[in-house]
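K.L.:
Below is one structure. I have some questions about it.
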Amino acid sequence: MFGLFSFWRTFDSVVFYLTLIVGLGGLVGNGLVLWNLGFHIKKGPFSVYLLHLAAADFLFLSCHMGFCVAQAALGAQDTLYFVLTFLWFAVGLWLLAALSVERCLSNLFPTCYQGCWPRHASAILCALVWALTLPAVLLPANACGLLRNSRRLLVCLRYHVASVIWLLVLACVAYTAGVVLFVWVTCCSTRPRPRLYGIVLGALFLLFFCGLPLVLYWSLQPLLNFLLSMFLPLATLLACINSSAKPLIYLASGRQPGKREPLRVVLRRALGEGAELGAREQSLPMGLL
C-alpha cells in the first residue's frame, strides 16, 4: 500500500513539472505569435482568428502557471483554478470552430465568400465569442458551487447539461467543418492547397487528442474525481500541450526548409491566401474581387 502511494506521489510530481515546462514553452510561443500578429502583420480575416486563438491559449497557460505556482507555495488548490483555466480553454474551442467553418466556406464557395462576407465579420465573431463564453462557463460553475460554497442541485443540473451540450456542439461543428475541408481540398478542389489548410487540420488534430479530455472532465467532474483522481492532472497536461503546440504548427506550415527567417515572415507565409484576401479587401473595390 505504501509503495502504491509513493508511486502515485512520484507520478503526480512528474506530471506537475512536465505541465510547468510545457506551459512555460507555450507562453513564450503564444506570446511571440501575439506580438507579431498584433503589431507586425496586416490583419486579414483569418489572421484575426489566429490572433484571438493565441490570446486565449496565452490566458489559459498564464492562469494555469499562476495557479500552479500558488499551489506549490500554499499546498492547496481552489476550485476557482479549474473554472478560470477552462474558461479560456472554451474560448479557444469556440474560436477554432469558427475558424474551421469560415475556412471551409471560403474553400467551398470562394466567389460568394469574397463577394458577400462582410469585411469585419471575423473580428465581430471573435468579440462575440469572448462575450458569450463568459456566461456559458461561469453560470454553470456558479450554480454548481465551483465559485462559492452554496450549490443549487436542480439549477446546477440544468445549467451543466446546457453547457455540456454547447461544448459538444462546438466540437462537432469544428470536426465536421474540418472533415469537409479535408475531403474538398484533397479530392475535389483544383486550386493549390493553402498553407492555412494545414494549420486548421493540425489544430483540430491537437484538439481531438489533447483537448477533449479536459472537456470530458468538465462534463463528468464528480464521477472522474471519484474514480480517477489523476484524470485532471493528465487532462491539464494534454490541454497545455494543445495550447503550446499551435505556434509550432504555424512555424511548420510557414517555414521553408533550409532558411532562417523572422517569425513574422513565417506567419505571413503560413496565413497564405487568407492574408492576401485581407489585403485585397482593403485595397480593392468589392466589385473587382
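Note that Cβ sites are derived from N, Cα and C of the backbone, with glycine treated the same way.
Here TrEMBL flags 29-250 as domain 'G-protein coupled receptors family 1 profile'. Residues annotated as transmembrane segment in TrEMBL: 14-37, 49-74, 80-101, 122-141, 161-184, 196-220, 226-245.
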K.L.:
When you scan the chain for residues with a C-beta under 8 Å from the transmembrane segment (226-245), skipping those not six or more beyond its ends, what do you find?
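P.N.:
Cβ under 8 Å, 6 or more out: 8, 11-12, 15-16, 18-19, 22-23, 25-26, 29-30, 57, 60-61, 64, 82, 85, 89, 92, 206-207, 209-211, 213-214, 216-217.
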K.L.:
So what's the average pLDDT for the domain 'G-protein coupled receptors family 1 profile' (29-250)?
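P.N.:
Summarising the domain 'G-protein coupled receptors family 1 profile' (29-250) by its mean pLDDT gives 88.
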